[in-house]
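**Q** Look at Swiss-Prot and you will find Asn9, Met10, Lys11, Gly174, Ser212 tagged as substrate binding site, backed by similarity to another entry. According to Swiss-Prot, the feature active site, electrophile maps to His96, an assignment based on similarity to another entry. Residues or ranges marked as active site, proton acceptor in Swiss-Prot: Glu168.
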Amino acid sequence: MRKPLVGINMKNYINTRAQTSEWLEATIPLLGNFSDVDTFIFPSMGTLETTANLLAGTSFGFGPQNMAPEKSGPLTGEFSVESIIDLSANYVEIGHAERKNLFHEKTSEIAKKIQLALDEKITPVVCVGEGIRANDTNELKNALKKQIEALFDTIQVTQFKNVVLAYEPEWAIGKANSADTDYIESAHQALREIIRELGGDETLVRIIYGGSVSKENAAEIVRQKNVDGLFVGRFGHKPQNFADIVSIVSKTKG
């Protein structure tokens, strides 16, 4: 049984230690009754230490929004996995569409980051998703298969279970509406089929949906058989909104 999972990516919206403290201090008490759902936050990078201090001793996971493909070295401006370990972080976001589109991250670099995170026992939340809406399920599966095969080409299939896939269709990120639920379920089902075809155990891999998640669509999305949780964006900037999403997932999947 895959445990439901809800995460939030703060991107560069809540950027000060004071803002992050305020959000966490308001949110943590609201999550006390939802032990059947795992939660995590990717805070603005400059607030990671504040986040680590406030989440110490809780089950609320956290980590950076990116990491270097190497442990250490001449990588100016990157964030080392050694720093992640030092902070006792347990997640790392890898391959977000904005990293690829704005900073031109290559698939080969993303694949190295995934492997490094797995080697260091940190859970990589790997973002995948097509750039434009597919016309049918075959087109959708083919688009996702190209991504998964490239990203996981050198990773042992026995490690797939330690990865979280965040399905985020690029055309739905930051938009007014999410993808429709039939489309979302088709994508999640396709991802499981791809994992199985590569030799992995698709029943062990958690796949969550991100892209214009809100209170209004959360329940319908997580009712889908192959959806294990949600990856929240700006809607979760209000602590009660994030807690409401966790509550919905708990009631629907817990």
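Glycine is treated like the rest: Cβ placed from N, Cα and C.
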**Q** If you count Cβ atoms within 10 Å of each one, which of the binding-site residues Asn9, Ser212 comes out on top?
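**A** Neighbour-count leader: Asn9.
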**Q** Using a 10 angstroms cut-off on Cβ to Cβ distances, just flag whichever of Lys11, His96 is the loneliest among these recorded positions.
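**A** Among the recorded positions Lys11, His96, the sparsest Cβ neighbourhood within 10 Å belongs to Lys11.
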**Q** Between the residue listed as 'active site, proton acceptor' and Lys11 (substrate binding site), find the distance joining the two CA atoms and give it rounded to the nearest Å.
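**A** So the alpha carbons of the residue listed as 'active site, proton acceptor' and Lys11 (substrate binding site) sit roughly 15 Å from each other.
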**Q** Under DSSP, is Asn9 (substrate binding site) part of a helix or a strand, or is it coil?
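**A** Its secondary structure by DSSP: strand.
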**Q** Assuming the binding residues for substrate are exactly those in the record, Asn9, Met10, Lys11, Gly174, Ser212, what is the maximum CA-CA distance in angstrom, rounded?
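**A** Max Cα-Cα spread across the substrate binders: 14 Å.
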**Q** Would you please pick out, from the recorded positions Met10, Glu168, Gly174, the one with the fewest other Cβ atoms within 10 Å of its Cβ?
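**A** Output over recorded positions Met10, Glu168, Gly174: least Cβ neighbours within 10 Å is Gly174.
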**Q** Reduce the DSSP letter at Ser212 (substrate binding site) to three states and note it down.
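**A** Reduced to three states, the DSSP call for Ser212 (substrate binding site) is coil.
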**Q** Tell me which of the binding-site residues Met10, Lys11, Gly174 ends up closest to His96 (active site, electrophile) in space, Cα to Cα.
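**A** Closest by Cα: Lys11.
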